[in-house]
């Protein structure tokens with residue numbers, strides 16, 4: 001069991017390393033995510049908050065809206081969560097919702113707007129183990145928890161004094177949109193940074209400037225591509241196909257992975273995770289083939 005815990009802790013730390021590379025784009029205020037604890041569940045009885053979908057056990061569908069609400073209530077009853085700024089539910093299950101009587105399974109994550117430090121300080125993202133594919137959604141949803149709206153959205157009713165991001169175009173493709181435009185897709189817009197600063201100095205968000213944890217943070221110096229293969233990445237991302245392999249001869253200088261999804265040569269191109277070897281003494285970092293950055297441990 002201890003070995004399993006160490007593997008999961010290391011995996012989570014590496015995910016957050018990759019997410020933190022995206023948060024380096026925040027200048028004012030600076031943001032660094034720190035994992036201070038991990039709770040691992042081993043049986044359904046240890047996850048009373050999971051709301052599964054009747055008849056969809058084989059595909060592991062859970063209703064994320066009801067799940068996150070129950071998870072919020074569960075967290076409130078566990079005293080060991082009190083000192084954390086935000087508590088995150090990482091799951092390998094298929095986050096889903098009902099829409100016009102149809103079950104939709106493309107919801108990769110959810111977080112309450114500006115929920116950090118409050119009773120809504122929970123979020124949830126899906127991760128296909130071994131792929132690190134969930135890093136983008138993890139960073140995106142954590143930004144919601146820090147107060148960021150989607151780029152292009154008007155101010156909301158919560159929190160009071162919310163500014164919104166109407167003056168930042170969704171089509172610019174920053175982290176708080178789903179346009180995926182390089183290089184903006186690895187950065188946060190000025191609107192998002194402004195919103196984090198907007199809540200940063202408020203009394204109800206003082207947890208952001210306090211160091212509450214008395215324990216050593218969970219740390220790794222690795223990036224996802226250093227511990228996971230391209231084949232694993234392809235197989236996890238395109239798991240619905242019966243045949244999946246990575247093209248190991250494909251030129252990685254553009255940090256694009258070529259995944260075969262049939263024996264006939266049908267393929268998909270997808271951005272490489274951070275840390276994939278792309279040239280001599282170089283790795284992919286935020287879509288570029290460059291030197292590996294220093295991975296800083298939180299002070």
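Using N, Cα and C of the backbone, Cβ positions are placed for all residues, glycine too.
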Annotated companion of 140, 144 at the Zn(2+) site, TrEMBL, chosen from 150, 162: 150
Between residue 141 (active site) and residue 150 (Zn(2+) binding site), find the distance joining the two CA atoms and give it rounded to the nearest Å. 10
Can you give me the same-chain residues 6 or more apart in sequence from residue 140 (Zn(2+) binding site) with a CB-CB distance under 8 Å? 109, 175, 176
Three states by DSSP: which one describes residue 150 (Zn(2+) binding site)? coil
Cβ atoms near residue 144 (Zn(2+) binding site) (within 10 Å, other residues, all chains): 22
Using an 8 Å cut-off from the Cβ centroid of 140, 144, 150, can you name the remaining same-chain residues around the Zn(2+) site, in sequence order? 111, 141, 143, 148, 149, 175, 176
